[in-house]
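Below is one structure, written out as structure tokens; comments come after it.
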Amino acid sequence: MGKWIPIFMVMLAAFCWGTGGVFTKMIVPFGFSSTDMVFIKSVVALFFLVLVNIRKGTKLFRINKFADLKYLTIVSLLGYFFYGAMFVLTVNEMGVGIGGAMLYTKCAFVIILERWIFQKKITSKKFFTVLLTITGCMGIAGLFSGAFEQITAKGLLFGFLSGVGFAIYDVMSKKVLDKNTSETVTFYTFFIASIVVGFIVHPLEILQVIMQNDLFLIVILYGIVVSGLPYILYVWALSKIDAGIAAIVSTFELFTAVFAGIILYHEPLNMITICSMIAILLAVFISNYTFQKRRW
């Protein structure tokens, strides 16, 4: 039972991430760029994290050793910020569905990075579950229903880079979680991203637009639901389970996106999408099931 608690936390985090498209449709029309959106959710998530962990005081900021700061910077910039930016570019180039499918190529990149950094074996079980997961993602994206005309070389490049960035986030977070708490890792993820992106965007202009259009509530919900809460849950789960398993389970984000489309935008649900969702569920089950050798 214990190992299923972090699995459930990853699912809950994925559910939160899956609402991102709904929030984006409400906020972007006011003129915010993709970088503005990253800045907004990073700052809100940072304040949310500090508020939730206020009793910990300075322990929240305390890292095991100064050398860990370089890994935390990689997690924040090459992981959190980079994959977020590449994902938005992929979506702009090829659409939300294909962008989501490309993002979860991270499952393959995670097992490659785990092999390189942690010397973990790439087993036939891992290979099969990753193949099943990516196939399911492609089906949900509509690639088996004639969506190939939306694919471009530039979009594929951005998509693969988003997968690489997300994989870096997973694996490097796992590395620093050995001697740092999940709350500390998440704090520095948001803190570093907020500072760096803050120099790229125009914070005062963003605040002005928010105030003029009474967007405070929706922006706060966006930062908490899409960034603050899911990353707290996800990084905690990473401290308990393998990054490869977390990567596969996190594809539940696509489930949320599918049902949000059906409920809010009356998008159709076809048999290919249903089969693709079953494929992902099967991959999650296989990745968490220990096969026993039969004794005769």
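Heads up, the Cβ atoms here are built off N, Cα and C, so glycines get one too.
Lifted from TrEMBL, the feature list:
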type	residues	note
DOMAIN	5-140	domain 'EamA'
DOMAIN	154-288	domain 'EamA'
TRANSMEM	7-32	transmembrane segment
TRANSMEM	38-57	transmembrane segment
TRANSMEM	69-89	transmembrane segment
TRANSMEM	95-118	transmembrane segment
TRANSMEM	127-145	transmembrane segment
TRANSMEM	151-172	transmembrane segment
TRANSMEM	184-204	transmembrane segment
TRANSMEM	216-236	transmembrane segment
TRANSMEM	243-265	transmembrane segment
TRANSMEM	271-291	transmembrane segment
Going by DSSP, how much of the domain 'EamA' (154-288) is helix, how much is strand and how much is coil, in residues? 114 helix, 0 strand, 21 coil
Excluding the flanking five residues on each side, which residues at least 6 beyond the ends of the transmembrane segment (271-291) place their CB within less than 8 Å of a CB in that stretch? 3-4, 7, 125-126, 128-130, 132-133, 135-140, 142, 144-145, 244-245, 248-249, 251-252, 254-255, 258
Using DSSP, break the domain 'EamA' (5-140) down into helix, strand and coil residues and give each count. 117 helix, 0 strand, 19 coil
The predicted model's mean pLDDT over the domain 'EamA' (154-288) is 89
